[in-house]
Amino acid sequence: MVKLISNSTILLSLFLFSIAAIANAQQCGRQKGGALCSGNLCCSQFGWCGSTPEFCSPSQGCQSRCTGTGGSTPTPSGSAQNVRATYHIYNPQNVGWDLNAVSAYCSTWDANKPLSWRKKYGWTAFCGPVGPRGRDSCGKCLRVTNTRTGAQTTVRIVDQCSNGGLDLDVNVFRQIDTDGNGNHQGHLIVNYQFVDCGDN
């Protein structure tokens, strides 16, 4: 009888532990509108937060805060395919690369960065399906590829948008619109990948 109660207690404890773990699980990524995991955890291909290689390895389909080895140090990561990219006339070269002059959302945090930082990459607004939002996206870099032609470039996020993708500076848009189809349609279809800006 004592052994039966002991086994029942163990099974009940395991059951309650499992329910608690499920209740505390956090969803992220495209399954949760691009949400990031708290505590710098990685977002798995299935939209769950964790810190093991199954969650953090790009080869396992990690969506954000991925690492090369599955450790806990976040690196710029996450990607999306077939995203709409429109253009915005920032023309930063005409305003001295001044984020305040174009009323960019990220100017609150990045307007006083060195000129070399502000002009290192073309500018974009970001509201893509995968990646950080708001202040957390400011200053991050994306490798953007035109799906039609394969032309690609790296851009820096300086603003927000509402088109569900990217709003590239017109100069960047033209740079990857190598066949003119984007200009004709008023948008491009692109893939993007978060990459290290190399700012150190």
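Quick reminder: no glycine exception, Cβ is built from N, Cα and C everywhere.
Between C37 and the candidates C49, C56, Swiss-Prot records the disulphide pairing with C49. Looking at the candidates C28, C56, Swiss-Prot gives C28 as the cysteine bonded to C43 by a disulfide. Spacing of C42 (disulfide bond) relative to C28 (disulfide bond) is 9 Å (Cα to Cα, whole number). Note on the disulfide-bonded residues C37, C43, C56: the fewest other CB atoms within 10 A surround the CB of C37.
Geometry remark: C43 (disulfide bond) versus C49 (disulfide bond), CA distance 5 Å. For the disulfide-bonded residues C37, C49, C56, a Cα to Cα distance of within 10 angstroms from C28 (disulfide bond) holds for C37, C49. Here the CA atom of C56 (disulfide bond) lies 9 Å from the CA atom of C49 (disulfide bond). A count of other CB atoms within 10 A of each Cβ picks out C42 as the most crowded of the disulfide-bonded residues C28, C42, C49.
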